[in-house]
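Record features (TrEMBL):
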REPEAT    71-94  repeat 'WD'
REPEAT    105-139  repeat 'WD'
REPEAT    149-184  repeat 'WD'
REPEAT    192-228  repeat 'WD'
REPEAT    236-278  repeat 'WD'
Amino acid sequence: MGTAGGGAALRLPGLHGYAAEFSPYWPGRVACAAAQYYGIAGCGTLAVLEQNEAGIVLLRSFDWNDGLFDVTWSENNEHVLITSSGDGSLQIWDTAKTKGPLQVYKEHTQEAYSVDWSQTRGEQLVVSGSWDQTAKLWDPAVGKSLCTFKGHEGVIYSTIWSPHIPGCFASASGDQTLRVWDVKAPGVKLVIPAHQAEILSCDWCKYDENLLVTGAVDCSLKGWDLRNIRQPVFILLGHTYAIRRVKFSPFHATLLASCSYDFTVRFWDFSKPNPLLETVEHHTEFTCGLDLSLHNRGQV
């Protein structure tokens with residue numbers, strides 16, 4: 001965690017990070033979902049970190065009996081987080097408490113690899129994606145899922161809410177498609193055959209409700225305009241191994257960041273003739289988690 005140019009580091013011995021998410025409430029606070037033994041076996045840990053003058057400190061950590069693969073902050077309570085786990089369950093945690101979880105939802109039949117909390121005001125909805133090829137919709141106040149979305153023919157790696165359209169989310173899958181769903185409609189709204197490889201990540205542009213980006217095992221990032229899905233709006237090449245996560249900037253309409261199994265984090269501006277802005281080589285292992293702060297422009 002730190003700025004693009006350089007930053008602080010904190011080691012979590014024996015754990016491999018899978019996801020990092022900045023708090024929408026606290027500048028410099030970040031949650032990290034981690035697993036032992038690359039998530040193949042062993043336990044998981046949710047680590048809540050904070051950056052201050054002294055560097056990065058561990059505020060809280062919670063253990064789970066299986067690897068944790070993703071994390072999302074609540075949009076209505078600054079202390080609450082949800083993680084997704086290798087045993088197919090979702091866990092709700094409260095950082096104001098020393099023990100947890102508050103609740104566990106166990107409906108997915110395989111690894112729950114993705115979880116995201118809707119940013120739409122007035123509704124508290126969470127979407128999860130699983131290796132069981134389904135996405136599920138949850139209200140954290142209700143003890144079971146509200147509905148299940150089927151259609152993918154492969155593992156779902158990523159499920160992300162639209163920041164613009166209420167009740168709309170996108171999913172990226174090992175079946176090589178990006179799909180867009182509406183929680184009020186039973187079937188899939190849009191299927192985009194985005195890559196000829198497994199798609200591990202997707203994200204919505206914060207400035208354009210029709211623009212999404214995908215990152216795939218073919219080492220490419222592609223931009224998609226939902227009004228014309230015949231061909232990508234942009235293709236970004238440079239990574240040398242599978243792209244694990246991609247995020248649009250909250251501050252610039254054409255900036256995004258990606259991280260990869262090639263150990264790098266890369267920053268791009270797809271509006272430029274030479275879109276690759278910077279390659280950061282701070283890590284010595286697969287780089288799986290990535291987030292951009294809503295509070296501090298340069299903090300990644």
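Placed from the backbone N, Cα and C atoms, the Cβ positions cover glycine too.
Beyond the repeat 'WD' (149-184), the same-chain residues lying 6 or more positions past its ends with a Cβ under 8 Å from any Cβ of the stretch are 113-120, 123, 125, 127-131, 133-137, 190-204, 206, 209, 212, 214, 216, 224, 226. Helix, strand and coil content of the repeat 'WD' (149-184), in residues and according to DSSP, is 0 helix, 19 strand, 17 coil. Here the repeat 'WD' (192-228) has long-range neighbours at 154-155, 157-158, 160-165, 170-174, 176-180, 234-250, 253, 256, 258, 260, 262, 268, 270, meaning same-chain residues at least 6 beyond its ends whose C-beta is under 8 angstroms from one of its own. Beyond its flanks by at least six residues, the repeat 'WD' (71-94) meets 19-21, 23-26, 31-33, 35, 39, 44, 46, 48, 62, 64-65, 100-119, 124, 126, 128, 130, 132, 138, 140 of its own chain at Cβ-Cβ distances under 8 Å. Broken down with DSSP, the repeat 'WD' (236-278) shows 0 helix, 22 strand, 21 coil.
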